[in-house]
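S.K.: Can you keep this structure in mind? I'll have questions shortly.
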Amino acid sequence: MASQDSEEKHSESIANALPALKDSSDSAVSESEWTTTRVELWSFYVFYIGNNGLSGFNFGPSQFQNLLFLAGYDPSQPPFTLACGDGDCVLPYLGKVRNINAIVLLTNGISFAIQAALLLLIGAWADYGRWRPNITIFFTILAVAVSFAWLGVDDPSQWRAGIPLYIMGLITYQCTLTFWTAAFPGLVRDLPEVKESLTQVKHGKDLEAHAKFISLSRNRVSNISFTIQSLGEVLILAVMVGILKGLNSDSSTEANTMAFSVLIAFSGGVWLLVALPWFFFEKRRPGLKLPPGTTIFAVGFKQAYVAFRECLKLKQTFLYLIFYFLMGDVLNTTVTVVGTLQNSLVSYSTLQLTLLLIVGIVAQAIGIYTFWLVQKRFGLSTKTMLTFNACWIIILTIWGLIGVHTDKFGFKHVWEVWAYQVFYGVLVCPWYAYSQTMISEVSPLPQMFLFFALFSVVGKTSAFIGPFVSSAIIEDSSNNNMPFSFLFALGAFSMIFLWFVDVPRSRIECAEFIQAESERKVFDTNASARETPADV
């Protein structure tokens, strides 16, 4: 009986929200004067081949940890009298002698803290005027410059110089990724088939069918971009294997260390090359005008405050925001912790790490495209796919957790990191596609950029908490696997919030929200408020 009453109330809510849903669809059609062309769409895809993280997220951190290991000493002996071996390895860092894995995690946390502050300041610029493409270009060029700067850091004595390069590499990679991703909602919205579907809504097309089509379109673009990026990255890594053979990287520690820097610079050069089409072919869609009395430097803080305040009115959006905050932290920190263990297991070999990445990226392409094919074949929702994906993230933390009390399993052997690359690629990597798509599923269409910016800031904020906590756990326990206990508990807790997210209900909440907020004019989203070419 209670179930029947609930269904009746749900049906009544849908009926009441239909006018708002239709109005928001009509508004979306009339506001968009742009059409996404195949050239623009493929430029978007190809850009991601370069913004793959090889320089700032993969080889940069590995080179940093390699330099720390070579410069460090065994704490069982007087400082700097015995080089690091299979046991603990420490260095003085930020006023304290620390385990090098803890140093990597701590520096990683500092990087994400800076990113959070930076995106809070400039993240909103993606919404106003025509700033976003210029910011993407700026961070791309800066990331490439950082990649080439690594060529001057290839000796253990230069490990301190590696600190700013490591931090800058992560910041520029993540910021470029953030502003490139910000183009995603508008790009999908302006696809010819999506615009046609929106037009059909005005002539009586079923709203549920339209919503499902939009969701599948978002997932298609997201998953295809990840698949193309994976295939392109495999080709880059294959060339890198040839470079390593030419450099004879396995001949000595010095050659291996130099090879790290060469690979970072090479990946930066490729990034710049494949980024050029997006720089030229991206349509500079006009954003919003600045709210009266607000400067460009204050709008980010105001936008974050308004978005969070309004998000509290959207129950489903807020539930997903909490899940995204927690699970994003779990995954980012888990990948960093596993990365530190992997680097030491393969003795920082550039060739081994490159081959591992090839396996991982091939698995990633297979995983993401398989997820998409299954979703398309069975018509599964984004939430269903994301829930399935998140369960494997939890299992990954359990894998590491087992290694707390045994040396037989838990990222203790080289074969495990090979298995990890396959596991991570096939079952975990789809997170990066589905978690982003889910944001668009629970956000009001006119304020899509605003909510993407909010989720981005939240994601970066959570990303520095995990590394700081994990670094402290390693320092306290002297066990490199102990952070997995914290990560498992946090990940399991976060799943509660995803379970309660109701996407159909979110559409109703968003429609009612748009209708209510249009009267209050909290957001300046009307077409008349958008900049015209004369304003720019």
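Each Cβ is built from the backbone N, Cα and C atoms, and glycine gets one as well.
Residues or ranges marked as transmembrane segment in TrEMBL: 100-123, 135-153, 226-247, 259-281, 318-341, 353-374, 386-405, 417-435, 447-470, 482-501.
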S.K.: Which residues, given as numbers and ranges, are at least 6 beyond the ends of the transmembrane segment (259-281) yet have a Cβ under 8 Å from it?
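M.R.: Sequence-distant neighbours of the transmembrane segment (259-281): 37, 39-40, 42-44, 46-47, 49-52, 54-55, 59-60, 62-63, 66, 133, 136-137, 140-141, 143-148, 150-154, 169, 180, 232, 236, 239-240, 243-244, 247, 249, 350, 354.
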S.K.: Spell out yes or no: are there three or more C-beta pairs under 8 angstroms between the transmembrane segment (226-247) and the transmembrane segment (386-405), with each pair 6 or more apart in sequence?
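M.R.: No, these stretches are not in contact.
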S.K.: Mind pulling out the one from 318-341, 386-405, 417-435 with the most Cβ pairs under 8 angstroms to the transmembrane segment (482-501)?
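M.R.: Answer is 318-341, with the largest number of Cβ pairs below 8 Å.
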S.K.: Determine whether the transmembrane segment (353-374) and the transmembrane segment (417-435) share at least three Cβ pairs under 8 Å, counting only pairs 6 or more apart in sequence.
M.R.: yes
S.K.: Cβ under 8 Å, sequence separation of at least 6 from the ends of the transmembrane segment (135-153): give me the contacting residues as numbers and ranges.
M.R.: 50-51, 55-56, 60, 63, 67, 122, 125-126, 161-162, 165, 168-169, 172-173, 175-176, 179-180, 183, 260-262, 264-265, 267-269, 271-272, 275, 278-279
